[in-house]
Structures are given as C-alpha cells and as structure tokens.
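Engineer: This structure is in structure tokens; I'll ask about it shortly.
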Amino acid sequence: MVGHQQCTLEQDTRDHGTSRSWRKTLTAPAPFADETSCQCQAPHEKLTIAQARLGTPVDRPVRVYADGIFDLFHSGHARALMQAKTLFPNSYLLVGVCSDDLTHKFKGFTVMNEAERYEALRHCRYVDEVIRDAPWTLTPEFLEKHKIDFVAHDDIPYSSAGSDDVYKHIKEAGMFVPTQRTEGISTSDIITRIVRDYDVYARRNLQRGYTAKELNVSFINEKKYRFQNQVDKMKEKVKNVEERSKEFVNRVEEKSHDLIQKWEEKSREFIGNFLELFGPDGAWKQMFQERSSRMLQALSPKQSPVSSPTRSRSPSRSPSPTFSWLPNKTSPPSSPKAASASISSMSEGDEDEK
C-alpha cells in the first residue's frame, strides 16, 4: 500500500460510523511528526510479528520505524523504505532522520544538510511521517512516544557510538524486522565516483560559471582546467568536421554508385538498340538490301526484245548499215559446212535488204 496515510480513522469512525480506507494516492508531502496533531488514539497493545503479518484492524495499523542519514537520497534508500512499508498488510511507516550535529559527531560530514535530507524523505511515496532530529540509539522512551511496534533495518550489525550493534537491544526485544540492502549503490559509492572524477566535475562547473573560489580550486588548477576545456572544444570541432567529411564521402559514394548503375543500364540499352539496327539480322541491313536492289533495278533496266519493230526511214537519209553478218564470238563454226551455210545466209539477208 503506497502513499501517505492520515491517522484520523478514529475521528472518521465517530463522524461517519464507518472506517475509511487508507489513502492510496499521494497528494501532499508526508507530515513532520512534531508539526502534526495526528496521533493514533487507539489502544496500543504490543504485537508479535506473527500477529502483524496476519493483519490488524483498519484503525490499528502496524507502526513501523526506519531510521538513517539518507544523504544523497538514492534508489537504495527508496527500496529499503519500500520493504519496510510492505512488511505487513496494514502498516504506517515512520522515518527518523538524524540531524547534522549528530551525524557529524558519529559518522562524518554529509553532502546534503539536514533540511535537504528531511525534504527528500517527505517526498518519498512510501513514507507516512518524518521524525526530525532522530536519536542515534533508540530508547524505550522514544519507542513509547511514537507508539512504534517494529524497527526495520538491514540485518548487518551496525557498529557505532561505542556499540558493536546499535540495534542489539531491539533485536533482543523481538521488535526488529530485517530488510535487504541494494547491492551496487550507496551514498559512499556515489561520493567515491565524485572524488574519482573530481577533475571532470570541476572543469564542467567552471564552464557553467562557477568560480574557482566556489569550487575550492587553486589558481594553477583553474588555468589547467580552462586549458583542457579549450582542448576539448578543439577536439569536438575536429570530430564534427571528420563526421561531416565522412558523411559527405558516403553521399558521394552513394551518388557515384547510382550514376554507375544508371550508366550501365543506359549502355546496355544503347548496345541492344545498336544490335537491333546494325546486327546480322538487323533492320538496317534489311533496309540497305532493299535500297540496293532498287538502285540496281534503276541502273540496269530489263533487256530489249530480239525482234524489234522496223523504224521508218527518212527519205532524206539513208538507213544505217547493219552488222548482223558479223560472226557470233560466243559460238564459232564447228565445221567448214557450217561456215559456208552461215555465209550463204548472210548473203541472203543482204539480198533481202536490197
């Protein structure tokens, strides 16, 4: 069950005759214990863990207490509070936060001051009430004042303030309920990262406008960090130029591939058209043959007939002599008789013309 819950169920029961369910949505920060008059007025009888896990009446939630420093509030803190909130079906989670004086005395310096740490807890969805200036070691008087049923914390012995385990007496009283730590994250780990990368953070904050005095940076380190910032800017510019150059080269390569592909397609088309026109069986050869035959027909007409009609003679002009008596070169006389026969025929022809 999430959200901050108001401990006014007894008042609601008197006014309305029925108990109102716990609020499930967060509409305001969790209240501070010393600023609210919301105190559970129901009889506070001691519960066992088995009884609490079976469930309690609506007007008698199990009051679970979790305490800590909660510096640089992170997901590990939130998960621990979530576990404390969901230990029992009906619970009311109180969170105690130690002050700066107490923390600096027993643990060390904090990054966030106590006011910042209080506000961080107030805005966690699992927290129902925040107790400021919580004690380092829990006393019976403190437990009775806040009607605390159980204390939730991880089971690792917490040695501090001259004790091997500050929760030892709570465990002996049967009021301790363990939670699990979240591995890989803690306030110390976060601070270690900051210290390890101190130069990076100092340079970044100088760029953002913080002064060297505010960052507790010496004059020499300030100049070194500013010079490194200038070098990083130049590297970034060079990197941008290289990326743009690579992008330009890639575009040129893509366009060249497209041009080569188009050229190959056009060349294939041109070669195909050329072969269709000038190939062995192309249209150009057929057209050339047709035109050649037409030209040959025009240049060499058909042969005249052998017996042509006799042309009329003009009275003023004598007829042209004919040379039909000349022997045929292609067929010479094969014998003297044939030769004499041809001569006689020629003489007869001459007589006819006369």
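Glycine residues also receive a Cβ, built from the backbone N, Cα and C atoms like all the rest.
Found this in TrEMBL, in case it helps:
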type: COILED; residues: 224-251; note: coiled coil
type: COMPBIAS; residues: 304-324; note: compositional bias 'Low complexity'
type: COMPBIAS; residues: 336-347; note: compositional bias 'Low complexity'
type: DOMAIN; residues: 65-193; note: domain 'Cytidyltransferase-like'
type: REGION; residues: 1-22; note: region 'Disordered'
type: REGION; residues: 294-354; note: region 'Disordered'
Engineer: Helix, strand, coil residue numbers for the domain 'Cytidyltransferase-like' (65-193) per DSSP?
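Structural biologist: Helix, strand and coil residues of the domain 'Cytidyltransferase-like' (65-193) number 45 helix, 26 strand, 58 coil.
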Engineer: Averaged over the coiled coil (224-251), what pLDDT does the predicted model reach?
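Structural biologist: A mean pLDDT of 84 is what the model gives the coiled coil (224-251).
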